[in-house]
Amino acid sequence: MARAIELAERGMNTTAPNPRVGCVLARDGDIIAEGWHEQAGGPHAEVMALAALEDPQAARGAIAYVTLEPCSHHGRTPPCADALVAAGVAEVVIAATDPNPSVNGAGVERLRAAGIACRTGLLGEQAEALNPGFILRMREGRPFVRVKLAQSLDGRIALGNGASQWITGPEARADVQAWRARASAILTGIGTVAMDDPSLNVRLEGHEGQPLRVIVDSRWRTPAAARTLALPGEVLVAGCADEPVPDLLAVSPATLLPLPAAPGTAAGTAPVRVDLHALMAALAARECNEVHVEAGGQLCGALLAAGLVDELMVYIAPCLLGSDGLPSFVLAPLEDMAARPGFDWIDRQMFGDDLRIRLRPQYRDS
Ligand SMILES: NC(=O)c1ccc[n+]([C@@H]2O[C@H](COP(=O)([O-])OP(=O)(O)OC[C@H]3O[C@@H](n4cnc5c(N)ncnc54)[C@H](OP(=O)(O)O)[C@@H]3O)[C@@H](O)[C@H]2O)c1
C-alpha cells in the first residue's frame, strides 16, 4: 500500500477534479503490476495496473492494493470494481473509502457480492492525506483551503507602503510554484491585485494547463489591464451581485462570478463584501479540490474568521519589515487570551534562508 501511495503521488498535479489514486497488484508477496490515475478522463489506477500485466491471466488470484475504494458507477470510465471482478483478483485491500456519494461503500459491496475478500483502512490516514480537497468537497461541499504567506520575523507581509516583493528567497518561491501546480484554483484579493499586479500562474517547467485564478473583488474594481487577465488560463472575478460592473471589466477576458454579500456587510454598516462561504460553494460546484490562497491580510483574516482555512503555510524570512508593515491577518481585536486562535503543527522545513511552517487551525478539529 505504501508503494500504491507513492504511485498516486505521481498524479499530484494532473488528476483534478478526480482524486489521486494508486494501485499495486501483488502475488505471493511480489508486485506483479502497478498503475496510477494520471489524468481526469483517463483510465483509473486499477485499470492502469491491470493493463500493465504482460499476461492478463496473471491477475487471477492476485491481491489488489488500492489507495481509494474502487468506483462502482459509470462516470467518464466504466466501474473499476467490475474490472477487478472480471480480472479475477482474489482480494482487494483498500486504504480509504471513497466519500463520493455515488461510491461511498458501494464499490466494496460490489466486490464482496462477487465473492472477493475486501479489507479497508490500511494506511488510511496517509491515503486520505493525498486528497484533502476531493474528500472535503465530497463531505462538506467546499474545497480544501491552503493559505500561503511570506512574512518577516515581526509577522509582516509587506512594508507600510505595500511593497512586498520579495520577502523570501528563490528557494522558497520555487517551492510555492509546486503548491500552486497541485491546486485547482489560486485565490487572491483585489488589494493584492491593485498593489502587486501578480501573475498568479504556474511557472514550472513541463507543467501543462493552469489552475483557475480567482480574484475576490466585491465592487468589481479589477483593472481590465491586470496582468493575470492576459495570461493563459481562466480568471474568475468574484464580486457582489448588487454592485455595478464597469464596462471595461465586463468585456475583459475575465469570467464574472456574482455572489451574495456577506451577512452584515450589505446593510450599509460595513463595506459590502463577498460572502466567502458562497464563494467556496461556487468553487466546489466548479469541482475545485484544493484552493491555494496568496492574498493580503484582509482576505486571509476574513477567511480565517469565517472558519474557511484548512491549512496555513507560512514562509518566514530572517528580516524585519517594521512596525508599520502590514499584518498577515487583519482580525477583530481579541480581549481574552482564551479566545486566541490556536494551530497544530504539520511540519517545518528550510528553503534556502527561509523557514516554511505548515499548520492546521485547531477549529478544524472542533
Ligand atoms: N507577503 C505575502 O505573502 C503577501 C501575499 C499577498 C499580498 N501581500 C501584500 O498584501 C497587501 C495587500 O493586502 P490587502 O489586505 O489589501 O489585500 P487582499 O487581502 O489581497 O485583498 C483585500 C480586499 O479583498 C476584498 N474582499 C472581498 N471580499 C472580502 C471579504 N469577504 N473579506 C475581506 N476582503 C474581501 C476587499 O476589497 P473589496 O471590499 O473592494 O472587495 C479587500 O480590501 C499588498 O501590499 C501585498 O503586497 C503580501
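Just so it is clear, glycine is given a Cβ too, placed from its N, Cα and C backbone atoms.
It should be emphasised that the depicted structure is a prediction, and the values quoted were computed from it without experimental measurement.
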Same-site substrate binder from R180, R182, R221, given that TrEMBL records S164, L200, R203, E294: R180
Of the candidates W166, W179, the one that TrEMBL places in the NADP(+) site of A150, T192, D196, S218, G296, G297, Q298, L299, C300, G301, A302: W166
Residue pair L200 (substrate binding site), T192 (NADP(+) binding site) - Cα distance, angstrom, rounded: 11
Proximal residue to C71 (Zn(2+) binding site) among recorded positions E46, A150, S218, G297 (C-alpha distance): E46
Alpha-carbon distance [S218 (NADP(+) binding site); R180 (substrate binding site)] in Å: 24
Number of other Cβ atoms within 10 Å of the Cβ of L299 (NADP(+) binding site) across all protein chains: 24
Cβ within 8 Å of the mean position of the Cβ atoms of H44, C71, C80: remaining residues of the chain near Zn(2+): V21, A45, E46, V47, P70, T77, P79, A81, A83, G107
E46 (active site, proton donor) and C80 (Zn(2+) binding site), distance between Cα atoms, whole Å: 6
Chain-internal residues near A150 (NADP(+) binding site), provided their CB is under 8 angstroms and they sit 6+ positions away: I157, S164, W166, I167, T168, A172, V314, Y315, A317, D354
